[in-house]
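Down below is the structure, laid out as structure tokens.
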């Protein structure tokens, strides 16, 4: 495990050595997921032999409080499937009440949306990303291992009914599986305020063969969009890495997340904390910096902030995916993608 010294670093902002400032925290609250997606957990969630508890509500409050004190404005709750936690609403309420936090976002597989999305909104979830890898129910089942396509679609409609003005939908782009649905997805968002985001398949330790078989560059879609009159939109400082395209004839938008693109890391603005309390500087990076020993008491906040800053000074300028190095990540379920 990486050892980070505790010292008075003389700063209260999350700024790395390349002058990138980190406004955005992706916080995994569980590794557990009830879907069996082919590109992530094809055999379903397998509990580790040495069971370690996920972050408690108090630990979550302390870690997000430290990030907020150092300039973080947006927190995204990920997993696993974050809504599987029994205290999910309490987590949202706690984070949204912290000083400095302006947005609490959620990434979900959507299986509970129809029933629970109104409660999520009241608790403080300001935006939702839903994973939908196919608009064909049979293909959806083939990719996710769950026959819940119609349930997820109803959940998205319910979110609009109760007041969400925009929903983001994530689809992992896979050659010969769902890339042929691009026009179908595009037509789906023509009259709906949906930002349809296509994410390039990413290489991880357990999925090398899958990656080699199904990876498709998002640049192909970017060129297609530009030819059809779509316009690249400017980013806000808390936005994620997606390149977002809009079109005057479409209510919805198209986003492309292309981690293999040159300069992908230049505008990095997010850090990640795993469900077991490790800080990860990069999705494709190191083993992680353990924070849990500094989440025991509220009196540890200053030391916790010092460790966060010290760790951040070791963040690389960019990942090494182009060299075939995806770090130690065996899959994306434990860190929320």
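Quick reminder: no glycine exception, Cβ is built from N, Cα and C everywhere.
Quick caveat, the model's predicted, so the values are computed rather than measured.
Over in Swiss-Prot, the protein carries these features:
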- 26, 76, 107, 168, 270, 271, 272: GTP binding site (BINDING)
- 33, 37, 40: [4Fe-4S] cluster 1 binding site (BINDING)
- 39, 80, 131, 202: S-adenosyl-L-methionine binding site (BINDING)
- 265, 268, 282: [4Fe-4S] cluster 2 binding site (BINDING)
- 17-242: domain 'Radical SAM core' (DOMAIN)
Residue 270 (GTP binding site) as reference: those binding-site residues from 33, 39, 40, 80, 202, 282 with C-alpha within 10 Å of it: 282
Spatial neighbour of residue 40 ([4Fe-4S] cluster 1 binding site) that is closest, considering only the binding-site residues 76, 168, 202, 282 and their CA atoms: 202
Residue 265 ([4Fe-4S] cluster 2 binding site) versus binding-site residues 26, 33, 39, 76 - nearest by Cα: 26
Close binding-site residues near residue 272 (GTP binding site), where close means Cα within 10 Å, chosen from 33, 39, 80, 202, 282: 282
Integer mean pLDDT for the domain 'Radical SAM core' (17-242): 93
Neighbour tally for residue 271 (GTP binding site), based on other Cβ positions within 10 Å of its Cβ: 23
Three-class DSSP secondary structure - residue 168 (GTP binding site): strand
Residue 107 (GTP binding site) CB neighbourhood, other CB atoms within 10 A: 22
Cα within 10 Å of residue 282 ([4Fe-4S] cluster 2 binding site) - qualifying binding-site residues among 33, 76, 80, 202, 271: 271
Neighbour tally for residue 40 ([4Fe-4S] cluster 1 binding site), based on other Cβ positions within 10 Å of its Cβ: 21
80, 107, 271 filtered to the binding-site residues whose C-alpha is within 10 Å of residue 33 ([4Fe-4S] cluster 1 binding site): 80
Pairwise Cα distance for residue 271 (GTP binding site)/residue 39 (S-adenosyl-L-methionine binding site) [Å, integer]: 23
Alpha-carbon spacing, residue 168 (GTP binding site) to residue 80 (S-adenosyl-L-methionine binding site), which is rounded to whole Å: 18
